[in-house]
Amino acid sequence: MAFQGKKFINDPKDVVTDFIEGLVETYPGLQYLDGFPEVKVVLRADASSSTYDKVAVISGGGSGHEPAQAGFVGEGMLTAAICGDVFASPPVDSILAGIRAVTGPMGCLLIVTNYTGDRLNFGLAAEEAKSEGYQVEMVIVGDDCALPPPRGIAGRRGLAGTILVHKIAGAAAAAGRSLAEVAAEARRASEMIGTMGVALSVCTLPGHATSDRLGPGKMELGLGIHGEPGAAVVDLQPADVVVAHVLKQILSPETGYVPITRGNNVVLMINSLGATPLMELMIAAGKAVPRLQVEHGLAVDRVYTGSFMTSLDMAGFSITVMKVDEATLQLLDAPTKAPAWPVGVDGDRPPAKIPVPVPQSPLSGSNKSSTRPEQLSEQGCMLEAAIEAAASELINLRENLNEWDGKVGDGDCGSTMSRGASAILEDLKKYYPLNDMVETIKEIGSSVRRVMGGTSGIIYDILFKAAYGELKATGHSEITPKEWASALQAAIAAVSKYGGASEGYRTLLDALIPASKILQERLDAGDDPIDAFVLSSEAALAGAESTKHMRAQAGRSSYVSSDILASVPDPGAMAAAVWYRAAALALKNHKSSA
C-alpha cells in the first residue's frame, strides 16, 4: 500500500533552489547564478568567463542525486554544475547560461550522463554555444553494466562512475591542458569504467507517495538511479554474496563492458544510493577488495566509499570498478577543493592490510593462558555449578529481557546478556582455573569484556574487575564466605563510582545492593553461608521487582515516561537478580546432593 513520503522540505517545487541556497551558504567557494527558478546553476565563486584561463569542466542533469553534480564543483573538478528539477534534465537555457558564465578562451568540456534528455539538451546547448564562438567539447558517460548489451540507440545508463570522469577531467584542466587533451582524458576514462547498483527499496520523490514495488525480503539488482526497474528482483542475500554477483557482472567477459583483465590495476568506488548507512557501505568495501584481488586477479590501488551519486532516499549501493594506470592515478590524487570529493584516500595502499597486534598488558607477565584443571576440588565443583546455573538462566531469559528492554531502552538487554553468558559457558569448559576462585573471577571478566558491548558490557567488566581486585588482596585462592561478601560490596561500590548510579536509580544496583546487605547481615549473624546466599538472592529478586515503582535516573530509561516504566521492571536489575538467584540455588542443590 503506497503512502505519502515523509521529507524535511518546504514546497516540493522548491526543493532544488532550496538545496542550492543551502549548499552555497555551507561552502564559501561556491556560488550560483541569479536566475531562479528557471536557471539553476552552481559555479565556482572564483570562476568568471572574463578571467578564467583554463578549460571549464561542466556537468549537470536532474537533481535528486546529491552530492552529484553540484557537490563536485570546485578547483580541481567541475567549474559549474547545471541542476535540473528532480530527475529532469536541465533546460537548454540553463546549460547555456552556465557555459557563458565560466567559459573563457580555453573553451569548455561538457560531461553528460547517458540519458536521452541530458544528451539532447546538453547537445543543443553545445551547438548554440559554438555558434556564439565558444569552444565546446562533449563527453557522454554510460557505465551501467547491469543489463545485457542494449540494442538501438539508448546505450548504457550513466551512473556513479561519472564522478571519476569529473575528477580526471578536472585535474587535467587544472593542470592547464588544452580542451582537446582534457576531453581525451575524460573520454578515455569513461571507456574504462563499469558500474552496477543494487537496492532494498526504491526512492520517493518530493511530494509523491512511497512506492511498495519491492516487498519484504526482496532486493533489486541493476535498477537505475531514478528508480527505474533493473535486471531482476530477487530474495535478499548477505552482503558478500551481493558484492560477488555485482563484481562478476561488471567484469563479465561475455558482455565486455570494461576492458579489465587479470593483472590490471583498478580503483574501486562503493557509492550509497541515498539511505544506506556508512556501516553497510564499508561492509561492501571490505568484501569487494579481497574478492577483486583473489578471485579476479586485480590490483586495487584506491578505494572510494561514500555518497557520490545518490537516488534521493533509495536504500542501496552501487559498485564501480575502473581500470587505471599511473597517469590516471596522478589525476585522481591531484588536489581538489570540491566539497564532496573524499579526503584521505590518495596515495599508495598496501596490497593487504595486516591488523596491528593488540598490545598486551605489562601485568600479563609470562602471557601464559589459564587452563581448566583436570581434577576439580570441592570448591571448584561448587564454583562450576554456580557459574553454569547463572549463565544458563540468563540465556533462558533472553527474550523476556529483550521484551522489557524494548519498552524502556533499545531492546537488546537480553541479547547482550545472553551473548556474555554463552561466552562464559564456552570458556568455562576450556580456560577457567576453577580450583583458583580468584583467577576464575578474573577470567569471567575477560569473557565478558571480549563479547559484551554497550553499557552492560562495561558495567559487568567493572563489576568483575573490582571483585577480582578485592579477592586478590586476600592472598589465597580459596575464599571464605565473608570474603565473597566483601568482594560483592567492592564490586557494587566500583559500579556506583564509575556509573554514577545508586540504590533507587532503577539499575542493576537495585538488585545487588539489597542482596549484599542481606548476605552480610546473615553471615554476621552466623547463618549457614549457603542459606545466607539463598536469602540474599530473594532480596535481589525483590529489589529488581521494586524497580517498577522507581523513576529512572540513569541510562536510556531516564528518557522514558513513568507510565511506561511502571509496566516492566528494569531489565538490567532483573538480569542481575536472575543470575544471582540461579547461582545461589545451584549451590543449595549441590549441598543437598553431596
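Backbone N, Cα and C atoms are what each Cβ position is placed from, and that goes for glycine too.
Here is what TrEMBL records for this protein:
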| type | residues | note |
| --- | --- | --- |
| DOMAIN | 11-341 | domain 'DhaK' |
| BINDING | GLY62, SER63, GLY64, HIS65, ASP118 | substrate binding site |
| ACT_SITE | HIS226 | active site, tele-hemiaminal-histidine intermediate |
| REGION | 342-376 | region 'Disordered' |
| COMPBIAS | 361-376 | compositional bias 'Polar residues' |
| DOMAIN | 381-585 | domain 'DhaL' |
**Study point:** Span of GLY62, SER63, GLY64, HIS65, ASP118 around substrate - largest C-alpha separation, Å
**Key:** 15
Exercise for review: Would you mind listing, in sequence order, the residues at least six apart from SER63 (substrate binding site) in the same chain with a Cβ closer than 8 Å to its Cβ?
Suggested key: VAL15, VAL16, PHE19, LYS40, CYS83, GLY84, ASP85, VAL86, PHE87, ALA88
Check your understanding: Taking the Cβ of the residue listed as 'active site, tele-hemiaminal-histidine intermediate' as the centre, how many other Cβ atoms fall within a 10 Å radius?
Key -> 19
Practice item. Just name the winner among GLY62, GLY64 (the binding-site residues) by count of other CB atoms within 10 A of its CB. Key: GLY64
Check your understanding: Including all protein chains shown, what's the count of other C-beta atoms within 10 A of the C-beta of HIS65 (substrate binding site)?
Key -> 27
Check your understanding: What other residues of this chain sit with their CB within 8 A of the center of the CB atoms of GLY62, SER63, GLY64, HIS65, ASP118, the recorded substrate site?
Key -> GLY61, ALA68, GLN69, CYS83, GLY84, VAL86, PHE87, ALA88, SER89, HIS226
Exercise for review: Quick one: give me the count of other CB atoms within 10 A of the CB of ASP118 (substrate binding site).
Suggested key: 24
Study note, to complete from the structure: DSSP puts the residues of the region 'Disordered' (342-376) at 3 helix, 0 strand, 32 coil
Point to revise | Alpha-carbon distance [GLY64 (substrate binding site); HIS226 (active site, tele-hemiaminal-histidine intermediate)] in Å | key: 9
